[in-house]
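Record features (TrEMBL):
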DOMAIN    2-100  domain 'EamA'
TRANSMEM  28-50  transmembrane segment
TRANSMEM  56-77  transmembrane segment
TRANSMEM  84-105  transmembrane segment
TRANSMEM  111-131  transmembrane segment
DOMAIN    114-249  domain 'EamA'
TRANSMEM  143-164  transmembrane segment
TRANSMEM  170-195  transmembrane segment
TRANSMEM  207-226  transmembrane segment
TRANSMEM  232-250  transmembrane segment
Amino acid sequence: MRAVLAGATLVGLAMILRRPFPRGWRTWLTLGIVGIGATSLGFLGMFHAAEFVSPGLATVIANAQPLLAAILGVVWLGERLPKVGWVGLSIGFMGILVIALPQLLDGGQEGSAIGFAYIVLAAVGVTISNVAIKSIAGKVDGLFAMGLQLLIGSAPLAFAALALEDQNAIQWNAVFTASLLGLALFGSALVYWLWFSVLEAVELNRAIVFSFLVPIFGLSIGALFFGERLSGIQFSGIALVILGIVFVNLKGTRRSQGR
């Protein structure tokens, strides 16, 4: 429902503003890739991962996707990544693994492994979608592009929900409706449109680096609102992630100075 509402809102707004409708099979193929990756796999992985791992940890592992996106940016988009950038990516990925290690090795290893698999599924989907978005950014209208990918990606989720989920489990009330609208309009529609707008102006490697800050915020929110306690190992992982961010930012600084 969240993706459908968000997608319908963006498409409706694009139609009201008379934005150009996407054309060409390559464009629609790319929109399909974005929809399946970001919406279908992204939403599926993150929502089900929450059943097995803590919110803060889920956020951290899922946001390994900037590392993967940078690699695909080089392979798919032809973006250049100097050695210092690769060092930063390696250090950041090590930090992600260090943070995830305690829960993967504890007594609930099976549940953690399933949760980890869901998060990796989401991360891979979002990674591929980010590269696909960058490939069409500036070539199609952002409102239509992001609205249509949300609608495309919501279709498999809707079929799966109708077949596998208990429809009576939803309790329609003011709180649920407000939460749904907030997540759909601000957490999905607005966020995707803003992200598309950023990628229209900035290369993927430069834009995606700011996502490295999200895991730190995720752990902080988990500690503040869910009572999660951070171990020394997790603090070490955070330090590695921050160090990786610094190295990737050095890459951007050096490139800017060289121009």
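Please read every residue number as a count from 1 along the shown chain.
Glycine residues also receive a Cβ, built from the backbone N, Cα and C atoms like all the rest.
Quantities reported herein were computed from a predicted structural model and do not represent experimental measurements.
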Just give the helix, strand and coil counts over the domain 'EamA' (2-100), going by DSSP. 78 helix, 0 strand, 21 coil
Sequence-remote contacts (6 or more beyond its ends) of the transmembrane segment (143-164), Cβ cut-off under 8 Å? 3-4, 6-14, 17, 19-22, 31-32, 34-40, 42-44, 129, 133, 136, 188-189, 192-193, 196
Against which stretches of its own chain does the transmembrane segment (170-195) lie, if we need a Cβ under 8 Å and a gap of at least six residues from its ends? 1-3, 5-7, 9-10, 38, 133, 142-143, 146-147, 149-150
